[in-house]
Structures are given as C-alpha cells and as structure tokens.
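Participant: Supplied in structure tokens, the structure appears directly below.
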Amino acid sequence: MAAAGAMPGGLLLTFLLLAVVASGAYNGAGEPPVSRRSFPKGFIFGTASSSYQYEGGAAEGGRGPSIWDTFTHQHPEKIADRSNGDVASDSYHLYKEDVRLMKDMGMDAYRFSISWTRILPNGSLRGGVNKEGIKYYNNLINELLSKGVQPFITLFHWDSPQALEDKYNGFLSPNIINDFKDYAEICFKEFGDRVKNWITFNEPWTFCSNGYATGLFAPGRCSPWEKGNCSVGDSGREPYTACHHQLLAHAETVRLYKAKYQALQKGKIGITLVSHWFVPFSRSKSNDDAAKRAIDFMFGWFMDPLIRGDYPLSMRGLVGNRLPQFTKEQSKLVKGAFDFIGLNYYTANYADNLPPSNGLNNSYTTDSRANLTGVRNGIPIGPQAASPWLYVYPQGFRDLLLYVKENYGNPTVYITENGVDEFNNKTLPLQEALKDDARIEYYHKHLLSLLSAIRDGANVKGYFAWSLLDNFEWSNGYTVRFGINFVDYNDGRKRYPKNSAHWFKKFLLK
C-alpha cells in the first residue's frame with residue numbers, strides 16, 4: 001500500500017469520505033454501468049497484498065527479522081496504535097481462506113509479495129536458504145493455481161532484512177545490489193516454473209521518501225529537523241542514494257531474469273511505481289511548472305531512467321551533486337529494463353510554486369520547490385478518506401495514464417494498486433462495518449476513469465484492487481481499513497466479505 005506520509009504541505013480535514021447510505025448499497029445512480037465485459041478481452045482483474053502487512057507468523061517457519069519488525073518494536077510511538085505486523089492478517093496460516101475469497105469473487109489474479117527474510121533469514125546466501133519459507137510460498141502458489149488464480153509476485157515490498165541493515169546500512173550501500181539479485185534468483189529458480197509475472201520493487205518512491213527523508217517508515221532515517229524525529233540520517237542525500245541502488249538492483253535483476261530464465265519460464269518482469277496526479281494550484285506558468293516538477297520528483301525519478309537512462313532534468317538541476325550519477329554502462333542497463341510497468345494510483349494534490357530554500361536544510365521533501373496540498377481556498381480537491389493524504393479524485397487516474405502514454409512511449413501497464421480506506425470504528429456492529437458503499441463508489445468511478453483512458457489508447461492490461469483484506473497499514477497500524485473483506489482482529493482474524501466484495505463479484509461475472 002502506498003502511504004504518502006512524506007508529502008509536504010497538505011491540510012488535514014476530517015471529512016467523512018461519503019455518508020454511508022443506510023438504505024442499501026451504492027447502485028451507481030447517475031454513473032454509466034461498468035463491468036468486466038466493458039474491458040478488453042483478456043484484461044486481468046485481481047487484488048493486491050504485501051508480506052509484512054498480511055502474513056504474520058513473524059517468528060515462525062524460520063523467518064528472520066526485517067527492518068519493519070525492528071522499527072515497530074523499537075519505535076511503537078511511530079505507529080498510530082502502537083501496533084506491528086507480528087500477526088497482521090495471519091495469511092501465513094489462513095492463506096487457503098484468502099484464496100477461497102478470491103475464487104468466490106471471480107478474481108483472475110493475486111498480487112502478493114515474498115518476505116525476503118522468509119527465504120534468506122540473514123538476507124544473503126551466506127546465511128543459508130530457509131526451506132520452510134520456500135515451502136510456504138510453494139503452497140500458496142499451488143493453492144492459487146488450483147483455484148484458477150494467477151500469481152503476480154513482488155520481490156520487495158519494503159521489508160528488507162535487518163541483518164543487511166546492520167551489516168552495511170541496507171539500501172544505502174551498493175552491496176545490496178548483489179544480495180538482492182541472489183535472493184531474486186532463488187525465487188526464479190524455486191517458483192518461476194509456475195509464476196509468469198514478476199515485480200522487482202514496490203513503490204521505491206514511498207520506501208525512499210518515507211524511510212530516508214521524513215523518517216516515518218522503516219528504517220526511520222532523516223535529518224534532525226524532519227518530522228520523523230530520527231537519531232540518524234540525511235534527508236537531502238539518503239533518499240536519492242537508496243533509490244539509486246534500488247534502480248540498479250532492479251536493472252541487474254531484470255538482466256539476470258532475461259539472460260537465464262525468461263526463455264525457459266516464459267514470464268514477464270517489471271517494477272511497480274506510485275504516482276499521485278498533480279493539478280496546478282492556480283492558472284499560472286509558475287504553478288504549471290510546479291505540477292510538472294511534482295510528478296518528476298515522484299514518478300519521473302524512476303520512469304525517466306527506465307525510459308531514457310537518466311533522472312529528469314528538473315531533478316538534476318534542483319538536487320545537483322546530491323543526486324547520484326549513472327555511469328554509461330549503468331544508464332544502458334537501466335534504460336528499457338522492464339516488460340511492463342506496475343502503476344499504483346490513489347489520489348491527487350494541488351501543486352503550488354515555492355521559492356528556492358536557503359540551501360541549509362536540504363531535503364527531498366522541499367527539493368521539488370512544489371507545495372503540495374489537497375485543499376484550495378478551503379475546498380478539498382475531492383472527498384477525504386480516512387488517511388489524511390487520500391482525497392478521492394477519479395479523473396486524476398485517467399490524466400495520469402494518458403500522461404504516461406504521451407510522455408513515456410505508452411508502455412504496457414498493470415494497475416497494481418488502487419483503493420480507499422475507512423476508519424476502523426471499533427464500536428460498529430459487524431453488519432454495519434461491512435457496509436462500505438463509499439468504497440464501491442470509489443471503485444466504480446475509478447474503473448470508469450480507467451476505461452476512458454484505455455479507450456483513448458492507454459496500454460493497460462490489468463487492474464488490482466488494494467486490498468483483498470484489511471491489514472496492517474504501516475504508520476496507521478490497524479486504525480484504517482483498506483480491505484474489500486473485513487478482518488476481525490478480535491476473533492481469530494476471521495474474514496467477512498464487505499458490500500464491496502459482493503459488488504466485485506457481480507462486476508466480474510463473465
């Protein structure tokens with residue numbers, strides 16, 4: 001899940017997303033109907049998840065600690081309800097129930113991530129391969145395939161090995177490139193005969209900005225003046241260094257897969273990026289430029305190297321020597337290193353031009369010289385969800401997809417996350433908690449926006465809703481719920497379909 005804690009600016013309003021209609025489910029009144037049949041033949045629908053947010057079993061089956069285990073246990077004050085992912089949604093034990101839910105809804109695919117430390121407890125081959133971890137993922141993959149659900153596997157969704165953090169500061173060191181490649185190769189060898197779609201990294205933007213600029217996410221590094229109250233870090237350099245190494249690790253892994261595995265296994269490999277859409281705060285060239293810089297610093301940071309072999313000119317100009325350089329060989333390696341792009345979209349912001357800073361407190365959060373806010377003249381850009389950063393703005397989905405088409409050569413895209421949350425209101429009876437009509441409206445409008453982009457030529461091949469289940473939402477803990485299926489955290493993590501799950505079942509009828 002993309003958690004946008006690093007976004008500078010923004011006014012926190014406590015709007016309810018939309019009033020739940022007590023008389024029954026949202027029926028799409030006033031909106032065109034939409035269903036699976038509206039989309040091109042072969043278009044894939046699925047749900048998405050991640051290992052730390054879902055699995056639990058943190059100390060079971062030979063799994064080693066990740067940076068999120070350390071972060072949540074050492075800094076519970078950085079999580080809204082002081083919680084952690086020790087049990088999470090307990091998919092480590094309940095994965096068969098999860099697959100049954102997908103099958104019942106008619107989903108075609110399931111995007112999940114592998115826990116690096118469940119495969120390599122110490123992060124590297126030298127620490128040994130954990131056969132129990134291999135067995136767990138084999139069981140999950142085989143269960144999915146037996147129910148007709150395609151696995152889409154993400155290799156890294158933010159839970160890097162604590163052992164490598166201790167050894168060489170994790171993604172701040174180029175040493176991680178080979179360790180990641182070794183881990184990826186084990187996954188290709190063990191699972192690639194059945195897995196036809198691989199994603200190397202999930203949202204490097206979120207990992208680097210929240211982990212190294214604001215310090216709100218693991219590993220919790222930032223400059224002393226940033227909001228994360230970190231004991232160590234450099235918000236003006238480390239985000240760029242960590243993501244530079246992620247791009248290089250991605251490219252090396254793609255090269256490995258294409259050289260040794262793709263011809264035999266006949267799979268595809270890509271990377272998942274996140275982007276908001278950015279609307280100029282007012283009609284002016286300076287604000288138009290601010291909106292362009294905002295998308296460069298969130299999306300172009302990764303997309304430009306993947307398409308053109310270097311960072312955006314706006315980043316080169318504003319970040320200067322704090323932004324790492326690619327060698328000629330690295331530039332060639334990164335350029336074109338994907339079969340598809342995964343794209344996560346949730347929300348939009350207004351972008352307002354900021355004057356240059358004094359250059360003393362350099363930080364990724366201010367380098368773009370764009371003030372980002374969900375509110376203009378007291379009016380939000382769209383209804384606000386439970387997460388303070390998430391404003392509902394469906395037209396931004398279409399705008400972003402057409403921006404990708406027009407600026408980056410219309411690559412093959414899978415929407416790897418899209419969704420909305422509600423507050424975890426513990427006083428609601430179960431039957432009331434299952435009434436998530438605002439989520440149905442969110443999906444209906446975003447799927448219409450997606451369909452419009454496809455009809456205008458956007459090369460989108462699939463869509464994954466975030467999320468199958470309620471889960472551990474990073475710094476929000478369990479205070480918000482993104483699931484289309486309810487998880488009862490007080491009764492054995494039992495799952496109950498929300499209204500949105502029933503809506504998807506009707507939507508997906510063939």
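Cβ coordinates are placed from backbone N, Cα and C, and glycine is handled just like the others.
The model shown is predicted, which means the values in this text are computed figures rather than measured ones.
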Participant: Let me know which member of His157, His250 Swiss-Prot also records as binding beta-D-glucoside at the site of Gln53, Asn202, Glu203, Tyr346, Glu417, Trp466, Glu473, Trp474, Phe482.
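Facilitator: Among His157, His250, only His157 appears alongside Gln53, Asn202, Glu203, Tyr346, Glu417, Trp466, Glu473, Trp474, Phe482 as beta-D-glucoside-binding in Swiss-Prot.
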Participant: Work out how many Å separate Asn371 (N-linked glycosylation site) and Trp466 (beta-D-glucoside binding site) at their Cα atoms, rounded off.
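Facilitator: Computed Cα spacing between Asn371 (N-linked glycosylation site) and Trp466 (beta-D-glucoside binding site) is 27 Å.
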Participant: According to DSSP, collapsed to three classes, what secondary structure does Asn229 (N-linked glycosylation site) have?
Facilitator: coil
Participant: Look up Asn371 (N-linked glycosylation site) in the DSSP assignment and report helix, strand or coil.
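Facilitator: DSSP assigns Asn371 (N-linked glycosylation site) to strand.
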Participant: If you count other Cβ atoms within 10 Å of each one's Cβ, which of the recorded positions Gln53, Asn122, Asn371 has the most?
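Facilitator: Going through Gln53, Asn122, Asn371 one by one, the largest Cβ count within 10 Å is at Gln53.
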Participant: So of Asn202, Asn361, which of the recorded positions has the fewest other Cβ atoms within 10 Å around its own Cβ?
Facilitator: Asn361
Participant: Measuring Cα to Cα, how many angstrom lie between Tyr346 (beta-D-glucoside binding site) and Asn122 (N-linked glycosylation site)?
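Facilitator: The separation of the Cα atoms works out to 34 Å.
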Participant: Can you tell me which of the recorded positions Asn122, Glu203, Asn229, Asn361, Asn425 is spatially closest to Trp474 (beta-D-glucoside binding site)? Compare CA atoms only.
Facilitator: Glu203
